[in-house]
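Listed in Swiss-Prot for this protein:
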ACT_SITE  Glu140  active site, proton donor/acceptor
ACT_SITE  His173  active site, proton donor/acceptor
SITE      His227  site 'Transition state stabilizer'
SITE      Asn231  site 'Transition state stabilizer'
TOPO_DOM  1-9  topological domain 'Extracellular'
TOPO_DOM  31-38  topological domain 'Cytoplasmic'
TOPO_DOM  60-82  topological domain 'Extracellular'
TOPO_DOM  106-125  topological domain 'Cytoplasmic'
TOPO_DOM  150-159  topological domain 'Extracellular'
TOPO_DOM  180-192  topological domain 'Cytoplasmic'
TOPO_DOM  214-219  topological domain 'Extracellular'
TOPO_DOM  238-243  topological domain 'Cytoplasmic'
TOPO_DOM  264-271  topological domain 'Extracellular'
TRANSMEM  10-30  transmembrane segment
TRANSMEM  39-59  transmembrane segment
TRANSMEM  83-105  transmembrane segment
TRANSMEM  126-149  transmembrane segment
TRANSMEM  160-179  transmembrane segment
TRANSMEM  193-213  transmembrane segment
TRANSMEM  220-237  transmembrane segment
TRANSMEM  244-263  transmembrane segment
Amino acid sequence: MISSYKYNPKLYFLSTFVVTYILWFTGAYLSFSSTYSGIYMLIMLPGLMAPFIISTILIAKSKNNELKKDFINRLFNLKLINLKTIPVVFLLMPAVILLSILLSIPFGGSISQFQFSGGFSFSTDFVPVLFLLLLAATFEELGWRGYAFDSLQSRYSLFKASILFGIFWSLWHFPLIFVNNSYQYEIFNQSIWYGLNFFLSILPMGIIITWMCLKNRKSIILAIIFHFLINLNQELLAITQDTKIIETGVLFLVAAAIILYDKKMFFEKLG
């Protein structure tokens with residue numbers, strides 16, 4: 001974060017939530033309309049871009065050249081990436097998923113979960129799902145890493161900022177449970193517990209992505225790649241929603257291990 005700039009987390013998150021919620025609740029309504037269901041994604045996509053758009057506006061209007069240069073550098077400078085972390089970037093989520101499947105078997109989970117899913121767990125009428133997963137990772141991390149997280153870290157310790165960010169990131173997805181054919185809509189219709197598990201799983205995920213981003217000198221492109229790989233890995237195997245509950249527990253253990261490993265960094269006092 002830039003010490004010469006005064007971040008405004010309240011303005012950022014309030015603006016992002018208001019814009020996203022208005023667009024996504026509108027899109028949710030249109031997704032069930034026989035007349036407009038084919039174009040509801042035109043409303044949803046700007047909502048997905050809101051974290052990035054608000055971040056860009058605040059940075060552009062800041063009149064702080066150091067802040068602007070820092071954003072551009074973290075977005076395009078590949079030298080920020082620590083090559084030693086690349087194996088973790090690519091292998092962490094597959095390892096978590098495979099371990100979760102193994103742990104599910106004594107509780108009745110099927111070994112067929114090790115098979116490739118052969119498709120995606122949700123559908124859209126407008127944008128290919130794989131492209132949507134990439135868009136989600138890109139626009140979210142451009143906003144979250146471009147301004148949002150730094151704004152929280154300017155006020156709080158890394159640990160508290162990570163917890164707050166995870167809560168905000170989780171709640172940001174809330175309107176999606178009302179969007180026809182969305183992943184969140186599908187799992188909530190299967191079971192409210194599956195839906196709640198989705199929101200809960202975001203909390204440790206926020207800590208993990210934040211830690212990985214910091215270990216790569218806040219590289220935004222690295223955060224985008226890591227986020228996309230997480231999204232993609234969640235769709236590759238035929239993992240059940242029951243196993244995803246176990247997966248959330250594993251993610252919490254991973255997040256806890258990361259915090260203990262870098263305890264000094266997470267609890268370092270400001271100033």
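Including glycine, each Cβ sits where the backbone N, Cα and C put it.
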Nonlocal residues around Asn231 (site 'Transition state stabilizer'), in sequence order (Cβ under 8 Å, 6 or more apart)
Leu133, Ala136, Ala137
What residue among the recorded positions His173, His227 has the most other CB atoms lying within 10 A of its CB?
His227
In the three-state DSSP scheme, His173 (active site, proton donor/acceptor) belongs to coil
How many other Cβ atoms sit within 10 Å of the Cβ of Glu140 (active site, proton donor/acceptor)?
24
How about the transmembrane segment (220-237) and the transmembrane segment (39-59): at least 3 CB pairs under 8 Å, pairs 6 or more apart in sequence, or not?
no
Tell me, what is the mean pLDDT of the topological domain 'Extracellular' (1-9)?
89
Cα-to-Cα gap, Glu140 (active site, proton donor/acceptor) vs His173 (active site, proton donor/acceptor), nearest whole Å:
11
